[in-house]
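Record features (TrEMBL):
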DOMAIN    25-270  domain 'NADP-dependent oxidoreductase'
ACT_SITE  58  active site, proton donor
SITE      83  site 'Lowers pKa of active site Tyr'
BINDING   116  substrate binding site
Ligand SMILES: NC(=O)C1=CN([C@@H]2O[C@H](COP(=O)(O)OP(=O)(O)OC[C@H]3O[C@@H](n4cnc5c(N)ncnc54)[C@H](OP(=O)(O)O)[C@@H]3O)[C@@H](O)[C@H]2O)C=CC1
Ligand SMILES: O=C(O)C(=O)[C@@H](O)[C@H](O)C(=O)CO
């Protein structure tokens, strides 16, 4: 499939003049260091990715920005997401770090900016205040959509009830070992798009015998099967790899489908297994 035809999902934010649609497949950059990011993102763009997921926390926005600047792909064909880091929730810190992200990425307009973690039990953090600052950033016109990451249903309810503005996206850990069905159903009711982080379970799913058996039956790789599972569930999926061959294989998921039996077998792998942190565990330290 040509990069022009990659499937997209329409987001809540945007206007009739600027319909905001996110490419369903993106490239994750967690643990890709500042010096490696430029090369990895350049290769990802060459492999056909048009959606890059970064974060202030990753420390690699400048490398991502250099790769974007060096690319001849028109800006309107690219999608870039970044995320507000945990120490930056206070309004002034959020606005300053947002400007720093834009400078590092070399962008006039970002496609999507997320609150990285809710920090709902951290001292000095008020989810609603953070969300109001995100709305201020959206209203500046320099971001096309705002969203959240690692929010649970009660966090979503709190910010939506207080502001009337729903996040366009909630980026959460999600893969066949952690299918997050109740939260996905809540997102569907709210019109929030679900993005899957660690979509390969940080590689663990690639050794699963059920995944391997589905892959062997279709003549594709385990990673392709898992990525296809996300796409067929209507999720946005952002696998990461620094290996150019894996990048290309992971993006080559358009010539086969999973039938109902394969989807059911993969759904049945759910065991509530987190490969990253639970949202309640990520908190700012208490002073002193
Ligand atoms: N919002 C949030 O809180 C979070 C967001 N994220 C985002 O989600 C992205 C993806 O999640 P991530 O945690 O990186 O994990 P993934 O589930 O994408 O797995 C990445 C791991 O799988 C390996 N891998 C990738 N493709 C293949 C393949 N085809 N064959 C074999 N091994 C493979 C990679 O190794 P190698 O690189 O050596 O190929 C790496 O070790 C992140 O990069 C980040 O952008 C992630 C965590 C939290
Ligand atoms: O990659 C991210 O965006 C993260 O926030 C995580 O990797 C997080 O630090 C984590 O899950 C650690 O286990």
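Using N, Cα and C of the backbone, Cβ positions are placed for all residues, glycine too.
Residue 58 (active site, proton donor) falls within a helix when secondary structure is assigned with DSSP. Cβ neighbour count for the residue listed as 'substrate binding site' (all protein chains, 10 Å cutoff from its Cβ): 22.
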